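Okay, so here's the structure we're looking at.
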């Protein structure tokens, strides 16, 4: 009928169903151990020392009665222990072992009730949404990097080692914490996208790249108007890196685009924590934005081989 089925069981007589279902969940029963029964019997044993101390002041007749009662108590304790061990053996024979159901099913819940199914569904949806959003983020960032490393490279754009290091430090924490998002406590009625090959995902990636492409193109034109013209009109592609207005603008705006892509494409509710609830992710984004805003100013621009932008160019940069 085309339905996706989930089967949960302890493996008693449903191992085949756990294998045939799309999703199998093994349920494990916690049996009482022999050690716990022995500890329970030890706590219920009478104290012979106390009986002897109490009978020390009595006559020979009371001593004989006490000895007989001790023998009876030992006999009763032995019979209880034997019956308890027999009960445990019968229980262990009826309880399914760990490997019976857990081998047949990809998921295992250490509980005897099917309440762990909801937890597995919530964890699975959170993982699926996280994977899909990472695909979108990486696709958009790859398009931005491809354009800046190919088309703009022909115009003389390059990036220094220090600039690449700072960009990696600003974005690595964001990529780390975006993949550590936790699912919500409640199961949503809405279902996530099953894969990335759908109209919504493709349009999202395409339209976002169009916006980024327009901004990159506009800032490149502004930078070329303020750069000195070469005599032959050609750029030496094999020359070493030198700070320029084009390098500074493209580096700053490309880093800002990658940071914005992480924030915009974060899924959040109803499948995982929102951006405000994911504190490490929010703090890493704030640090990246603050670092991006202070980089164009003279104290930081010189150490990263960036050109100090004039007031007009700063206005153009922050507008875009």
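Cβ coordinates come from backbone N, Cα and C, glycine included.
All TrEMBL annotations are machine predictions without curation.
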Ranges 199-219, 220-240: which does TrEMBL label transmembrane segment?
199-219
I'm validating the feature mapping. Which of 42-75, 76-109 is tagged region 'Disordered' in TrEMBL?
42-75
Mark yes when the transmembrane segment (135-154) and the transmembrane segment (280-301) have three or more Cβ pairs under 8 Å (sequence separation 6 or more) and no when they do not.
no
Tertiary contacts of the transmembrane segment (199-219) (same chain, 6+ residues out, Cβ under 8 Å):
132, 135-136, 139-140, 143-144, 147-148, 152, 193, 249-250, 253-254, 257, 261, 264-265, 316-317, 320
